[in-house]
Amino acid sequence: MESKSHAHCFRAQRVLHGKQWQQDAVVTVDENGTISAIESYDGQRHADAIPLGPVDLMPGLIDSHVHGSQGCDVMDATHDSLNTMSRYFATLGVTAFVATTVTAPVAKIRAALAQVAKSKHDGVDGAEILGAYLEGPYFTEKNKGAHPTQWFRELAVEELEDWISYSDNQLLKVALAPEKTGALDAIRYLDAHGIHVMLGHSDADYEQVKAALAAGAKGIVHCYNGMRGLHHRDPGVVGAGLLHPHCFVEMIADGHHVHPAAIDVAHRCCGSRMTLITDAMRATGMPDGQYTLGEYQVDMKQGVVMTSSGGLAGSTLTLLRGVKNIHRWLNVPIEQAWLMASYTPAESLGIQHQLGSLEVGKYASMVAVSSDFSIEKTWVKGRLVFDAATSPRQEALCI
């Protein structure tokens, strides 16, 4: 095979090409880390192809809502923490993530946003940092979750400008409660600046959520959790989010936050708009014990993290485990479950033309997956960032 000096051609037993499987196929990656060809294997033309063995090549997973792992958190505001998270995620098939903050004093949020931007610019060793997700401080008390109310703030465009500035224009998403004063103006402002607004930690009614979505909001935060639920006389945040044809629906598929049957109901309503997330915090991949989530001290027992008052406080889910759960609970093909954690997150961020599926012209952010669903290799934009043959697997550590 003729190729450019730094191009590579990988052969796998199957390649998830777009949304369909291609048997015994090769993926050619150019020197820029972009996929230049996906085609059936030909012994003569692909004589130099790197044989990956009996694996499936699939798009890298994208965690669009994650706080931490391995004892580290975005709110640490350090490169070491973000890099540790990045390396850990790569071992589990995640090739990109959105670093998510929590409600905290303004100075701490500013520091976290600034560090996310710096680490994205400087680069990390594993999964790439796509940008920042501001989760809080624009919530309301009734469905606060693990967000301390003393640090809640009122919406003001000037403050939104401040967050954007501290993030060096790397702020991708903002979560807010649509019933707050000034919410619609804030949504319109953020939408005009290309920042995706998610609705959550909210007691808004159906009409308020409909108005927010009409104003430009793009989705709802971890569906069912931290929001007014679905009632036959009051459809609430859940009902509005599931019904709106363009609303992305975040879902934590760990079996603790949402019952599998409720996930099935949501999926039957929103279909491909369901976006698998982890909402994982620093206890992910760690033993049971005490940890911090923002300003809270929390306890993890058997992988479930709770506040002292008994509320859930983030998760210890991995995106790979979430995909497995969806595949099993909803009885959908593995490729369909996988795309809920790769293509749909990319689409929700408006980057589906770059990431989320394996197609010509997109980045070669991809993973080699064995028959037992373990990750063998992970590439980010054509660069090998994890190889199970030389590094320990991590999934066994994760709850």
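Glycine too: its Cβ is placed from the backbone N, Cα and C atoms.
Around the Cβ of ASP279 (active site, proton donor/acceptor), 27 further Cβ atoms fall within 10 Å across all displayed protein chains. Summarising the annotation, Swiss-Prot assigns active site, proton donor/acceptor to ASP279 and lists similarity to another entry as the type of evidence.
Summarising the annotation, Swiss-Prot assigns divalent metal cation 1 binding site to HIS65, HIS67, GLU135, ASP279. DSSP gives HIS65 (divalent metal cation 1 binding site) a strand state. Cβ neighbour count for HIS65 (divalent metal cation 1 binding site): 26 (other Cβ atoms within 10 Å of its Cβ, all protein chains included).
Taken from Swiss-Prot, the feature divalent metal cation 2 binding site covers GLU135, HIS201, HIS222. Spatially close to GLU135 (divalent metal cation 1 binding site) yet at least six residues away along the chain are HIS65, THR100, THR101, VAL102, THR103, HIS147, ALA175, GLY200, VAL221, judged by Cβ distances under 8 angstroms.
Sequence annotations record features per position, and here Swiss-Prot assigns substrate binding site to ALA146, HIS147, ASN225, GLY226, ARG233, ASP254, GLY255, HIS256, HIS257, LEU312, ALA313, GLY314. Residue environment of ALA146 (substrate binding site) contains 23 other Cβ atoms, counted within 10 Å of its Cβ in all protein chains. DSSP assigns ALA146 (substrate binding site) to coil in the three-state reduction, placing it in neither a helix nor a strand.
Around the Cβ of ARG233 (substrate binding site), the same chain contributes no residue under 8 angstroms that is 6 or more positions distant in sequence. Straight-line distance linking the Cα atoms of HIS257 (substrate binding site) and HIS201 (divalent metal cation 2 binding site), rounded to a whole number, equals 14 Å. You'll find the Cα of HIS201 (divalent metal cation 2 binding site) roughly 14 Å from the Cα of ASP279 (active site, proton donor/acceptor). Taking the centroid of the Cβ atoms of HIS65, HIS67, GLU135, ASP279 as the divalent metal cation 1 site, the other same-chain residues with Cβ within 8 Å of it are VAL66, THR100, VAL102, TYR133, HIS222, ILE277, THR278, ALA280, MET281, GLY314.
Each of the binding-site residues ASN225, GLY255 was ranked by the number of other C-beta atoms within 10 Å, and first place falls to ASN225. Cβ packing within 10 Å was compared across the binding-site residues HIS67, HIS201, HIS222, HIS257, and the lowest neighbour count falls to HIS257.
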